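Structure in structure tokens, see below.
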Amino acid sequence: MLRRRESVADKLYRYRGVATVVAVPVVLILLIVLVMPRSAPKMFGGGEVAETLAEEAEGKATRIKAPTGTETYAVVFDAGSTGSRVHIYKFVEDEGEMVLQGDTFDQLKPGLSAYPETPDDAAKSLEPLLKLALKTVPENLQKSTKLKLGATAGLRLLKEGQADAILASVKKYLAASPFQMDDKTGVTILDGTMEGGFAWLTLNYLLGKLGQQESETVAAIDLGGGSVQQAFAISQADAKAAPDGYIIQLAGGPQMYNVYVHSYLGFGLMAGRAAVLDWEDTRAANPCIPNDHAGTYEYGGKTYQLAGSSSGAAFDACSKVVKLVLKLDADCGAPVTECAFNGAWGGGPKRPSAIYVSSYFWDRAVEAGVITESDAITWQLKGADVIKAGDKACGTPLSEMGSAFPLVDSKQLPYLCLDLSFQHTLLTEGFHIPDATPITLVKRVQYKGQEVEAAWPLGAAINLLSDSHRG
């Protein structure tokens, strides 16, 4: 008997049970996909630095799930050795990425370390900066806005117990504000490695380098008052061969970076002054100080005597003292060509071609007349530019320096020769950057139509806003 041809409708009806079994999970999968949240904003950070700060998010922060246009703020206090600063960062969500839209900034002097015996006064000194944060962040967002204070080299150099007392007072003071501050990690002394890592992260974020190969990123050297940090990305092979304690991993977009970071505590500009003035062979006659000046220099709770040489200050003679202070011949446990100074490994034979230097490098370049445009935010220079300014500073009598260097505070004039000699020797001898190599001085970076300061607090803010850390 011949069967009639089965129609499509008949087949569907005959296999209706099988179709139901297959269709149900497919529909469920589609529903799950539709209701899943969009990917979290792309916040850069990770590795050891980010993991160290993971406690800031634990139990409190959630992954940011904001529609396009949503505003988010972060408040970061930078408590340095010479002053305190505040950054109030404003981010706006744009297609799944948190884009920095603004940085409201202010600073004041002296820093927290100026109150070693009066910790409550140290906390109270932050009042103008806290008021600015309260004025900047909309009232309805203050309770959800994260706040962090990171103290740097200045507090690290105080006597045992003094720094803890200051931090406790500061924590109590800031906790009374409406901002959200982690009880355990909201107020801390930043490890130099974290500070340097955040500075590198900030600079490359603003320059749009994150996500590119390590050879396309830039090196960051940040000169503070108490310490100097150097950071740059190196290859996976070089990272594996590196000595312990120098490499951290940071995630920048889709790229995971091995970043060489080292902080030289005691070799910031203000600490460097103290070391040069205290060098045993120069205490009676220091070639870094004008011959017509005598006085004292206060740093880290100690007093140093100033005594110029009878022949006057001289850039080359001062640089020789700085070389001794840097301990260029100290063994770093690697080939001599890979050593930096003070017994530290310098990051290996392959150094980045693009070098950005900031903080006191910028400030002294402005004051010494190296940077000649008042509205500049970056500036290209070579070692010869610093030598020229240094020769002028060292060869000018103190009585004439005020007119020769009108941008220098009168109290800082006796140290200008020393500062420029220190900076030049640090770069050329300490970090092995030839005089002919172009260096970019950076104060701020042009980022999406705005000028943003290239400092570590932005890197800290990015980590502060994210609870998703890749290690």
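Any Cβ shown, glycine's included, is placed from N, Cα and C.
Note that the structure is a prediction, hence the values are computed from the model and not measured.
According to TrEMBL, the feature transmembrane segment maps to 12-36. Residues or ranges marked as active site, proton acceptor in TrEMBL: GLU195. Taken from TrEMBL, the feature ATP binding site applies to GLY225, GLY226, SER227, VAL228, GLN229.
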In whole Å, how far is GLU195 (active site, proton acceptor) from GLY226 (ATP binding site) when you measure between their Cα atoms?
12
Within 10 Å of each Cβ, count the other Cβ atoms and name the one among the binding-site residues GLY225, GLY226 with the highest count.
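Neighbour-count leader: GLY226.
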Give the sequence-ordered list of residues that share a chain with GLN229 (ATP binding site), lie 6 or more positions from it, and have CB atoms under 8 Å from its CB.
GLY192, GLU195, GLY196, ALA199, ALA220, ILE221, ASP222, VAL261, HIS262, SER263, TYR264
Of SER227, VAL228, the binding-site residues given in the record, which has the fewest other CB atoms within 10 A of its CB?
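Lowest Cβ count within 10 Å among the binding-site residues (SER227, VAL228) is SER227.
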Does DSSP put GLY225 (ATP binding site) in a helix, in a strand, or in coil?
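Where GLY225 (ATP binding site) sits, the three-state DSSP reduction gives coil.
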